[in-house]
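Feature annotations, courtesy of TrEMBL:
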- 15-217: domain 'YjeF N-terminal' (DOMAIN)
- 63-67, 131-137, Y142, D160, A262, G323, H373, D457: (6S)-NADPHX binding site (BINDING)
- N64, D127, S163: K(+) binding site (BINDING)
- 227-516: domain 'YjeF C-terminal' (DOMAIN)
- K428, G429, A430, G431, T432, G456: AMP binding site (BINDING)
Amino acid sequence: MNKSLPESLYTADQVRQLDHVAIHREGIPGFELMNRAARAVMAAVSRRWPQASTLLVLCGAGNNGGDGYLVAKLAQEKGLRVSVLSLKDPAQLSGDALIAWHACTEAGVVIRPYDSKQSLCADVVVDAMLGTGLNGHIRGDYEEAVKRLNHLESPVCAVDIPSGLCADTGAPLGCAVKAVLTVSFIGLKQGLMTGQGPEYCGELVFNNLRVPDSVYQSVASGCLRITPGQFQGWLSPRSRVAHKGDFGHVLLIGGNKRMPGAIIMAAETAIHCGAGRVTVVTRKRHLTALAVRCPEVMGTSIKGRSGLGSLTEGKNVIVIGPGLGRDDWGLKLLKDALAAECPIVLDADALNLLSDHPQLLNGRKSSMIFTPHPGELARLSGLDVPTIQKNRFAALADCHGQLGALLGEKRVGERGTDRQADIALLLKGAGTLIFDGQNTALCSEGNPGMAVAGMGDVLSGVIGALLAQGLEPFKAAQMATWLHASAADEVVAGQGETGLRATELIPVIRQRLNFIIG
């Protein structure tokens, strides 16, 4: 992911507010912003395709189309052979978009109305049809043009956002342009970074159009992109007189009859991420494998329906779910784990069991981090996977509300105010989201190579170790997610996506964690 991208992410409405403040309070003419946007697009196109000699621009109505007309004008002045197809009758244009159309025609650019029989061939095609104002599914000539663009061999550069893509959710509104490059302006749209957004926007470039910082201070962002700069001071370098008790004791529970690997990977990761002590509760048959793979980890077994008993005492955090299974053994261990008064990370089968037995959360008072993928979130929330993926932000908020309601009783906070147990909900997938009831964080790192077994087990181990070292749930989830995803990017950069194994991430995560701590 482009490291120059900003941290603050916005909805379409918030970006319109930024635009309004820039024009009406800061006095930047709208047409000047349009010119800056066009120059940003032209610069990005020239950088990405320096040998391009022909350019086709598809322009719609509104400011997105206006940006496109000015891109065409700049390309003409640069010496490229330029064609423009207009999907909106120029007689219906107004404001800055109409001024841009006049500027384009005066520069000698030939503008023709869009026709389904016209060729769309060019070295580069610029999509300036629809911006962030689209409501409802794309239709008519726009729908046809989008589908034709998606079958072209020519690369497509999208202006601000691929036409047809929802700026708020990253879901295509019926259909959307699959761009190779997207140049976004003023405020980075949150939908470009999660769900299907990254698949449609391709390489993402951002330009703030030289809008002053005061504009951004006037409009609150609804979501923050996780960056390592945010972690400063979260964990401190170790004292020379430190001992293992200073870094917490993680209890990991899982590894049912035929699933030893998941809990072993989680335990190995927790050790490598700085937990002072790690204990694993698993089936007896797995203890030898655990000792061979991780001799630093303490292991104990639970038979049949035996519970955890005193095993939760003195533990700073519990991680439960990797390889847990959904039988009576796993259910009994989950009940006991949820009764313990320490933070808990719930993953994999722990989430599946909770879907069947939600009453287990009633009255829970200590912090929890839930780490579902979309399928597990569907079982937890009652939503189906397509609905979740259509709006990951809304699905996360909905599920968080349901989980909060299950907690029932509120507890008294440190200053006497009633509050429920802290819940951080982490939704995996492209553009992982983390929500704590008020704040949303998004991880833009990661790659398709991570779509293999074991990745979630490693992530749960990172989260457990960070919680044990004192991070609050929302921070632990953010740091762990970034470490996990960025480590995968580093491994893939050297060896490629295909064949990536979850355990390859562990030493890289450790290295990155130590670099952050300093």
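Glycine is treated like the rest: Cβ placed from N, Cα and C.
These numbers come from a predicted model, not from an experiment.
The structure, with features from TrEMBL marked on it.
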residue : record                   : Cβ contacts under 8 Å, 6 or more apart
N63     : (6S)-NADPHX binding site : G30, M34, D96, A97, G131
D127    : K(+) binding site        : L58, L149, V156, C157, A158, V159, P162, S163, V177, A179
T132    : (6S)-NADPHX binding site : A12, V15, R16, D160, I161, A167, K189
N135    : (6S)-NADPHX binding site : none
Y142    : (6S)-NADPHX binding site : G60, L87, M129, L130, S163, G164
K428    : AMP binding site         : T371, P372, H373, P374, G456, L459
A430    : AMP binding site         : T194, G195, Q196, G197, P198, E199, G446
T432    : AMP binding site         : T194, L426, L442, C443, G446, T481, A485
Distant-in-sequence Cβ neighbours of N64 (K(+) binding site), under 8 Å, six or more positions away: A128, M129, L130, G131, V159, D160, S163
Cα-Cα distance linking G323 ((6S)-NADPHX binding site) and G429 (AMP binding site), given in Å to the nearest integer: 20
Count of other CB atoms lying within 10 Å of the CB belonging to G66 ((6S)-NADPHX binding site): 31
Densest Cβ neighbourhood among G323, G456 (binding-site residues), 10 Å radius: G323
Rounded Cα separation (Å) that holds between G323 ((6S)-NADPHX binding site) and G431 (AMP binding site): 25
Rounded mean pLDDT for the residues that make up the domain 'YjeF N-terminal' (15-217): 97
Where N135 ((6S)-NADPHX binding site) sits in the secondary structure, as DSSP reduces it to three classes: coil
Cα distance (Å, whole number) from G431 (AMP binding site) to G66 ((6S)-NADPHX binding site): 30
Assigned element (helix, strand, coil) containing D127 (K(+) binding site), judged by DSSP: strand
K(+) site, defined by N64, D127, S163: further same-chain residues with Cβ within 8 Å of the Cβ centre: L58, G60, G68, A128, M129, L130, G131, A158, V159, D160, I161, P162, V177
Same-chain residues at least 6 apart in sequence whose Cβ lies under 8 Å from G431 (AMP binding site): G170, M193, T194, G195, G197, P198, R392, L442, C443, S444
Largest CA-to-CA spread of AMP binders K428, G429, A430, G431, T432, G456, angstrom: 15
S163, G429 as binding-site residues, winner by CB count within 10 A: S163
